[in-house]
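These come from TrEMBL:
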type	residues	note
TRANSMEM	20-40	transmembrane segment
TRANSMEM	94-114	transmembrane segment
TRANSMEM	144-164	transmembrane segment
TRANSMEM	176-204	transmembrane segment
TRANSMEM	216-236	transmembrane segment
TRANSMEM	273-293	transmembrane segment
TRANSMEM	305-324	transmembrane segment
TRANSMEM	336-355	transmembrane segment
TRANSMEM	362-380	transmembrane segment
């Protein structure tokens with residue numbers, strides 16, 4: 001087939017089999033995602049959610065809060081959705097389930113768009129459920145507030161898919177759907193603003209063809225949606241507070257490395273192990289598609305191509321903005337699931353670009369290569385995601401136990417700092433408020449006393465150290481204090497195990513900062529005789545432990 005032939009490919013005899021496999025996998029993985037939430041999800045606030053308990057309780061006026069800046073972003077629409085879901089069921093796990101459904105909707109939009117462009121569903125389209133629906137998205141799945149990301153991802157993916165189609169012959173439903181998407185996307189964070197800006201250009205192209213065809217009513221609907229989107233974007237731009245990370249140090253190598261990894265991140269956190277291959281596959285498909293489009297370009301094609309080109313440009317600009325805003329955290333931060341999810345609509349656009357402009361070879365080879373990479377990464381994403389989910393659910397179960405045991409609020413704050421909490425000046429008030437909202441048990445606090453024991457122990461990267469615990473009655477917890485040498489702006493994994501004799505009775509894992517004094521608190525009983533510490537920082541460092549504090553009932 002010549003490159004200039006953009007008509008759908010002939011339907012092969014087994015096209016229905018491919019559609020059954022693709023949609024069957026989509027259904028299975030969507031149900032598996034809901035099961036993942038049901039098994040690992042907990043009705044306990046996590047990180048940013050602690051900051052917004054007043055919104056859930058109704059103590060804060062809802063609409064002004066929805067418009068407030070969170071970091072450098074505004075999420076008025078998803079915030080209203082999040083609060084509405086909580087008020088409906090008073091359980092954060094409902095929003096977690098909605099996150100699964102929204103990611104599933106994004107995958108479904110990709111499958112439907114590929115069928116519309118190609119003329120049929122191909123087996124390679126399994127790439128969409130494999131990318132959107134895997135446990136590597138554990139943070140997007142097990143943190144209810146991530147609905148602020150997943151709403152925008154689902155809407156943006158739908159826009160990407162629609163923009164790859166025809167600009168003529170639209171009916172009422174397609175017109176209203178496109179108008180709605182572009183009007184509300186600016187209300188879905190910075191990523192939504194990027195795609196809404198491109199969507200305005202897309203609606204302008206569609207509106208031009210409508211006017212030329214005498215369809216003035218359709219043109220008026222699209223123009224009104226574009227005007228609404230522009231007005232919202234202008235309001236957001238006029239009140240943009242700037243990025244809190246604007247002055248953080250960056251290097252050219254760090255920027256390039258983060259951008260390359262962000263392209264690979266669409267395959268999940270497992271892609272960190274073979275990100276150069278993933279980057280070449282995604283970047284190569286994009287460049288090959290752009291080259292093919294340039295060869296086939298003609299002035300008569302501009303209404304059909306302008307919107308899709310703008311959407312692809314928005315995806316590229318978003319990846320660049322994400323790189324500039326987060327590259328200071330290191331290249332591996334590109335694989336954090338909330339950032340990787342923002343890049344997924346752009347990946348759908350790259351896939352559709354290959355189908356839309358490629359010759360027979362590009363149309364077949366590029367989607368197949370991307371699907372193979374997604375399939376290779378998927379089992380590792382399951383392993384990584386489940387391991388993280390176990391860690392998170394264990395911590396959330398532990399904080400419930402600590403509340404039930406009556407641990408003081410100040411001790412709970414210190415114990416779960418860098419884990420489930422955020423560094424807020426009124427964190428004690430938030431922790432005291434959580435039982436009133438039904439998240440945690442309400443039990444009178446115990447009175448504890450602390451006994452300091454000097455220690456001189458060095459735990460190297462990847463190594464272990466052991467501390468013999470003194471014989472203390474009514475022991476409740478042990479606080480380990482120390483410093484990393486050298487320091488770095490990153491987190492390290494610290495595993496603490498307690499036991500008696502040669503038997504380990506309890507194990508807990510924490511993330512600790514490597515650039516400040518380390519305070520790690522693990523629960524113990526008076527039967528525990530030793531404490532072992534294992535440290536993984538990801539760089540050559542040593543944790544110098546200087547003392548432990550034994551916390552006992554008075």
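Quick reminder: no glycine exception, Cβ is built from N, Cα and C everywhere.
Remember, TrEMBL labels are computer predictions, not curated facts.
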(message) Take the C-beta pairs under 8 A between the transmembrane segment (305-324) and each of 20-40, 176-204, 336-355, 362-380. Which stretch has the highest count?
(response) 176-204
(request) Determine whether the transmembrane segment (273-293) and the transmembrane segment (20-40) share at least three Cβ pairs under 8 Å, counting only pairs 6 or more apart in sequence. (result) no
(request) Would you mind listing the long-range same-chain contacts of the transmembrane segment (362-380), meaning Cβ under 8 Å and 6+ residues beyond its ends? (result) 9, 114, 118, 122-127, 130-131, 134, 267-268, 270-271, 273, 277-278, 281-282, 284-285, 288-289, 292, 351, 354-355
(request) Given the cut-off of 8 Å on Cβ pairs that are 6 or more apart in sequence, determine whether the transmembrane segment (144-164) and the transmembrane segment (176-204) share at least 3 such pairs. (result) yes
